Amino acid sequence: MSSGTELLWPGAALLVLLGVAASLCVRCSRPGAKRSEKIYQQRSLREDQQSFTGSRTYSLVGQAWPGPLADMAPTRKDKLLQFYPSLEDPASSRYQNFSKGSRHGSEEAYIDPIAMEYYNWGRFSKPPEDDDANSYENVLICKQKTTETGAQQEGIGGLCRGDLSLSLALKTGPTSGLCPSASPEEDEESEDYQNSASIHQWRESRKVMGQLQREASPGPVGSPDEEDGEPDYVNGEVAATEA
């Protein structure tokens with residue numbers, strides 16, 4: 001008996017503890033349910049109030065407009081004519097600057113919303129056709145003339161001479177004030193360009209330099225330099241060693 005009583009006491013204690021825990025859980029769960037019920041009730045009340053105010057405003061908006069309805073007929077007709085001008089006059093233009101309305105001060109002229117430059121863009125963008133637009137201008141700065149006065153010769157010679165040709169001419173001897181003489185082929189080639197004066201200067205300076213180099217170091221007899229008159233390369237050192 002003693003062993004049975006010892007086992008009953010712990011079992012009873014466990015049952016008591018379980019009952020206390022269950023009662024506490026029940027008490028704790030009841031306030032949460034009450035709070036949720038209260039919140040739901042408050043929400044339902046608010047929704048009912050909003051629906052009531054909405055129906056009330058709708059009823060206010062839906063009230064009839066006071067006043068006679070006979071005066072509204074001409075204004076409606078004017079509005080229809082304003083938005084649909086073809087109802088009264090089928091021959092009228094579709095686009096108008098001012099609506100007809102009461103027909104006071106109507107404007108029937110149509111203004112194109114797109115500027116005329118848009119249509120004429122291709123015509124304005126094309127340059128005027130000119131056959132000689134891509135050709136070179138043959139500007140003749142100086143020409144050799146035999147019937148010129150002394151003042152004209154000095155002026156033309158100043159244009160045709162350069163600093164290099166002037167210094168070389170002082171070394172070799174006096175030169176004429178006219179433009180340097182050239183062959184007809186050279187004149188034709190130089191007249192095709194605008195810088196014909198600079199071409200003449202370069203050719204004359206090249207001739208003078210060739211003459212000075214030939215005088216300083218004469219080559220052997222019958223050399224191609226003497227035949228051409230304008231050597232491309234002059235080997236002065238080699239000619240001096242051979243002599």
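Just so it is clear, glycine is given a Cβ too, placed from its N, Cα and C backbone atoms.
Some features that Swiss-Prot has for this protein:
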{"type": "LIPID", "residues": "C25", "note": "S-palmitoyl cysteine"}
{"type": "LIPID", "residues": "C28", "note": "S-palmitoyl cysteine"}
{"type": "MOD_RES", "residues": "S44", "note": "phosphoserine"}
{"type": "MOD_RES", "residues": "Y58", "note": "phosphotyrosine"}
{"type": "MOD_RES", "residues": "S59", "note": "phosphoserine"}
{"type": "MOD_RES", "residues": "S92", "note": "phosphoserine"}
{"type": "MOD_RES", "residues": "Y136", "note": "phosphotyrosine"}
{"type": "MOD_RES", "residues": "Y193", "note": "phosphotyrosine"}
{"type": "MOD_RES", "residues": "Y233", "note": "phosphotyrosine"}
{"type": "REGION", "residues": "174-243", "note": "region 'Disordered'"}
{"type": "TOPO_DOM", "residues": "1-5", "note": "topological domain 'Extracellular'"}
{"type": "TOPO_DOM", "residues": "27-243", "note": "topological domain 'Cytoplasmic'"}
{"type": "TRANSMEM", "residues": "6-26", "note": "transmembrane segment"}
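Structure coloured by features recorded in Swiss-Prot.
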residue: C25; record: S-palmitoyl cysteine; Cβ neighbours (10 Å): 10
residue: C28; record: S-palmitoyl cysteine; Cβ neighbours (10 Å): 9
residue: S44; record: phosphoserine; Cβ neighbours (10 Å): 10
Overall pLDDT for the topological domain 'Extracellular' (1-5), taken as the rounded mean: 66
Inter-residue Cα distance where the pair is C25 (S-palmitoyl cysteine) and S44 (phosphoserine), in Å: 29
